[in-house]
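My questions all concern the structure below.
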Amino acid sequence: MSKLIIHQNKITNIEEFIAVCPFSALENNNGIVEVNGACKMCKLCIKKGPPGAAELVEDQVKGIDKSQWEGIAVYVDHIGGDVHPITYELIGKARELADKINHKVYCVFMGKGIEDKACELLHYGVDDVFVYDYEELDHFKIDAYTSVFEDFINNNRPSAILVGATSVGRQLAPRVAARFRTGLTADCTILDIKENTDLVQIRPAFGGNIMAEIQTPNARPQIATVRYKVMNCPERKETPSGQITKCSIEKNKLTSKIKVLDVVAKPKERFIENADVLVVAGRGVRSQEDIALVKELAELLGGEIACTRPMIEAGWFDAKKQIGLSGRTVRPKLIITCGVSGSVQFAAGMNNSDYIFAINKDEKASIFKIAHYGIVGDLYDILPKLIEKIKVSGKV
Amino acid sequence: MNIIVCIKQVPGTNKVEVDPVTGVLKRDGVDSKMNPYDLYALETALKLKEAHGGTVTVVSMGPPQAKQIITEAFAMGADEGILLSDRKFGGSDVLATSYTLSQGISKLGHMDLILCGKQTTDGDTAQVGPEMAEYLDIPSISNVKKILEITDKSITVEMDMANTVEIAKVEFPCVLAVDKDIYQPRLPSYVKKMATKNNEIKIITFNDLDDQDEKKYGLNGSPTQVQRIFPPEANDHRELWNNTLEDIPEKLFVKIKELKFI
């Protein structure tokens, strides 16, 4: 057990001592300083308070035998057998981690009619794919899927499990973590592994304003979720390697209190705020017909088209597509502005984007002050050639 | 219908900085608010109560200051408020938080439905709902974008998936984590605020819980450990390319591909 003990006699000034805590967790109860439930154990009171006023008393933590847990496992994320590409990215990462500590890479694949789909996974560097193919696993049902996951963990005891942060993964991973009373770190952006098999997990918090490094030193399996397109997808190898293991589980473990009545395609309403990729049309686009060019690039990149205020005033776009102080604030992973000068008002709506590419004829345009890659040139020359290249690469 | 809504007090702003010398979070301790996503869960509960009757109980875990958001929930229409607060709960990660909440909720007697917001704005994990459901041994559904039907025994909802919507029927009791925009949250009412200003907020401490194993709560019950925090790398990379000097479409294509957008 670890806890903070306050030594009242070492406190020189109660008010000053209380002010040290950024979480208001130190309270003055009639001259006695106490720690309340707001304590985040940041230990700032120990570091910044008068010497000896706050002390951390720690018991020896019961260690676990980490050598009993071997292998890096990946949850195969899919809907109706369609494997989500995040799975391959995670296999690539798992391979890299496993090679460092000389472990194997496992996949756990649960669903209905998925056995042949498992073969494809063998082209990406997996040692063993564990397949649970049952009628009852037709749709994602959290209770049944957790039971299967539990069976897989109990039989294989993986040291770490990587799960895609998809609609399914973000529900399933926590339930599994709670069942094993182990740690789960959401949306990791960097993963590494120590020699003692502790997973080093780095993730953003506070809306991306802070990065935290998290470890799970006294529990196994260690579970992490990762968002799509954060890790690299490994090359597909021509010859498959590894094996497929068909697993069986008692039918009574597959019962669920959830019944999926229907699965319907989602009507496509897309918002520029949610897009990972945005291509923006600015005043450099000369006519309404020419918007098609910008739109084509957006579609090829799987993104959305957005615009600046003058385009709204010209009536060429719906107001929902406008970026800026009088429009929407966006934070895509990639934004390509085409013929946008980059007013302060526009920049305020998009300057937190991960990668900003700007195409503009005027080398003095203020957009180049915020662009990571500024391109001085004519969009009418560049875009058609870029579009052609993307199309050609897609055919290969 | 007895509905529980889990709410959390979060910092009023996400703008936090790391002190470059000490590596400690710098933020205003005073400015805080109800997690915005929880407003949608509370609104859903109030809508269900209006249509089907019952009570709405808000449950929060946090320091004594978190009473403030329970008072706010009263002003929106919640009937009862519970705060799980004890210094033994300090330093909880997702697992310890979920366990503490499940222990607290199991003290409240019969319930049909537990509603959570999508995630919090400080932790952003979206994990507490499903973990709590596991501890309570009841089913859960996240990403709920619409409620379609309610019977005595079950609730039918739309679960938002990447490209599809699943219509799922789940038995009571269950946990639902609702998406933003399921309903537009109402504003706190002044009349309700006045009428409920003497409402009691029940405090549940460690000693009130069934499981008295201190190792399952707070820092001790938290398998994950934050090793360090640091500011994200700012992308202050700047490059200027000129179309008259080099083959820009090719360079652009290669760069975008390298960044994994093609």
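Using N, Cα and C of the backbone, Cβ positions are placed for all residues, glycine too.
Pulled from TrEMBL, these are the listed features:
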type    : residues                                                               : note
BINDING : A:R283, A:T308, A:R309, A:Q322, A:I323, A:G324, A:L325, A:S326, A:N360 : FAD binding site
DOMAIN  : A:72-263                                                               : domain 'Electron transfer flavoprotein alpha/beta-subunit N-terminal'
State, in Å as a whole number, the widest CA to CA span among the FAD-binding residues A:R283, A:T308, A:R309, A:Q322, A:I323, A:G324, A:L325, A:S326, A:N360 given in the record.
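The two farthest binding residues have Cα atoms 22 Å apart.
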Relative to the Cβ position of A:L325 (FAD binding site), how many further Cβ atoms are located within 10 Å?
15
Average the pLDDT scores across the domain 'Electron transfer flavoprotein alpha/beta-subunit N-terminal' (A:72-263) and report the rounded value.
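Taking every residue of the domain 'Electron transfer flavoprotein alpha/beta-subunit N-terminal' (A:72-263) together, the mean pLDDT is 94.
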Quick one: give me the count of other CB atoms within 10 A of the CB of A:N360 (FAD binding site).
25
If you count the other Cβ atoms within 10 Å of each Cβ, which of the binding-site residues A:R283, A:R309 comes out on top?
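Sorting the candidates by Cβ neighbours within 10 Å, the top entry is A:R309.
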Using Cβ-Cβ distances, find the residues under 8 Å from A:I323 (FAD binding site) that belong to the same chain and are at least 6 apart in sequence, listing them in sequence order.
A:I272, A:L278, A:V280, A:A306, A:C307, A:T308, A:T329, A:V330, A:F346, A:G349, A:M350
Can you see whether DSSP assigns A:R309 (FAD binding site) to helix, strand or coil?
helix
For A:R283 (FAD binding site), just give me the three-state DSSP call.
coil
